[in-house]
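Everything on this sheet refers to the single structure shown next.
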Amino acid sequence: MARHLHHHRGQELVAHLRASSPLADLLRSAPSLPGARAAHGCVLKSPVAGETFLLNTLVSTYARLGRLREARRVFDGIPLRNTFSYNALLSAYARLGRPDEARALFEAIPDPDQCSYNAVVAALARHGRGHAGDALRFLAAMHADDFVLNAYSFASALSACAAEKDLRTGEQVHGLVARSPHADDVHIGTALVDMYAKCERPVDARRVFDAMPERNVVSWNSLITCYEQNGPVGEALVLFVEMMATGFFPDEVTLSSVMSACAGLAAEREGRQVHAHMVKRDRLRDDMVLNNALVDMYAKCGRTWEARCIFDSMPSRSVVSETSILAGYAKSANVEDAQVVFSQMVEKNVIAWNVLIAAYAQNGEEEEAIRLFVQLKRDSIWPTHYTYGNVLNACGNIAVLQLGQQAHVHVLKEGFRFDFGPESDVFVGNSLVDMYLKTGSIDDGAKVFERMAARDNVSWNAMIVGYAQNGRAKDALHLFERMLCSNENPDSVTMIGVLSACGHSGLVDEGRRHFHFMTEDHGITPSRDHYTCMVDLLGRAGHLKEAEELIKDMPTEPDSVLWASLLGACRLHKNVELGERTAGRLFELDPENSGPYVLLSNMNLEMAMHLAYERPVIKMTWAVVVI
């Protein structure tokens, strides 16, 4: 009897499956939402309306069409859910970027399988930073539960590592890939290249790329973009040529990255060649991204006329293209045209505001830059670190301390901690230090410097040079010692400040030591500026012959600034003979400049007056001559 009942139920199940298969095919083939709803109606009217298999297919259909609400409603109405039911909705959450819902649904699965894990990892990985760490934790749990990691698992894991810039985990996943059957998979290889690129490891990305037995356009794009974003940027152009030579046709992503590389290098010739390729392939007609990249390239190469022609020919424009042409005008100091473009922008983002504020600040219109900043605040635009940097630069250039202090108050209200981060608070701190130094408030600049949670070379250099230029040589040299103790490497600007400080305080031996050992100790080759500082140092101290020999021994041709510095020292120490030789050198470099001879004439006059003053007076006996 039991066997007969079991046989009867088996026949019934087969009959139901046969009945549901045409309906399932109808659901899978539904091209649009109305078609899916019509098929759903057929399901509800059929005798197999409650079949889990059919309802799972219906969930997948709505999910495929992007209708998560309908998919969830069908899922909630399934009387007997199985793992496939959960996976159908979970895959939809993964594809449509709903990581929180995916995680909650996964936690509710009674018995998750490999597909469940892959779906939740993909959902979390695709959403980017903030969820990618959770994706890696689910992947570790999947591995701990002895599920076999397949190509889908590896791709999601590498995507998560790329989003988190988690190089350590990425290398571990790479090790698992190398021991798996998917080591030669082109998609996994591309994901590895992308992971190393996002982790700023172009050498490792290239090593993976070179080892790939098969490549596709996405593989080439990943490495080209890697070089464009991480450097060396020139390699992106080399790789583009290699890609074309191997028979691959670049797509929009390739061309956009290559054009960005040309813009970054100001490589106008190469940019024009890529532009010609785009025109030949008819790639520009309706592609806003490529048109934006072209405008940006010509603008950064200083070709504002060409940039404007492309901009004017675009069928539709975005804030990106408008900002690019605005930046081009600003770079060429054409502030008037930049203002016109800015005023015509429908949507003004903070980048556009920053570009125009910088244009005014860098072209001697500091008051206009400050006025624009006030307008930005009134329009409720959220300023960035770059905004404050330009405003503080404007305040420093006009040396108005009160305006700088008001800008400082705004900085504090925004909550900048002067720490490293995506908004580069260190940049704001450096701008504040620079502003106070330019306005002569050395102690206020020092207070900001000491309160900075993190510092870079610019921070140290600003204070060292500021101290040196304001006659506080001992403070400059003491800060230099602190810089070395903090394991911060000095650069060329640092040594200019140090040598200037030695010159102002008459520390000849210390100046000589820093100059002679800057290459050996810090890997810095002395430039003309360093030689100028040393000539000034030796000249102030009266070591004129040594200063002259230093100039003659320079590896490069000395300029007029160096000889003028020595001539000034000759006048200070009344060395007419060396002054005449030095003036002759200056005349050879600049025959039209009469300044050296005027200075030499003044030296001779001063010397004559000095000799006349020191000559003993001979008393004469006067006699009256009668005629």
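Every residue number used here counts from 1 along the chain in the order it is shown.
The backbone N, Cα and C atoms fix where each Cβ goes, glycine too.
Residues or ranges marked as repeat 'PPR' by TrEMBL: 82-116, 216-250, 287-321, 349-383, 456-490.
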Intrachain residues whose Cβ lies under 8 Å of the repeat 'PPR' (216-250), provided they are six or more past its termini:
186, 189-190, 193-194, 196-197, 200-202, 205-206, 209, 257-258, 260-262, 264-265, 267, 270, 274, 277
Counting by DSSP, what is the helix, strand and coil composition of the repeat 'PPR' (287-321)?
26 helix, 0 strand, 9 coil
Three-state composition of the repeat 'PPR' (349-383), taking helix and strand from DSSP:
26 helix, 0 strand, 9 coil
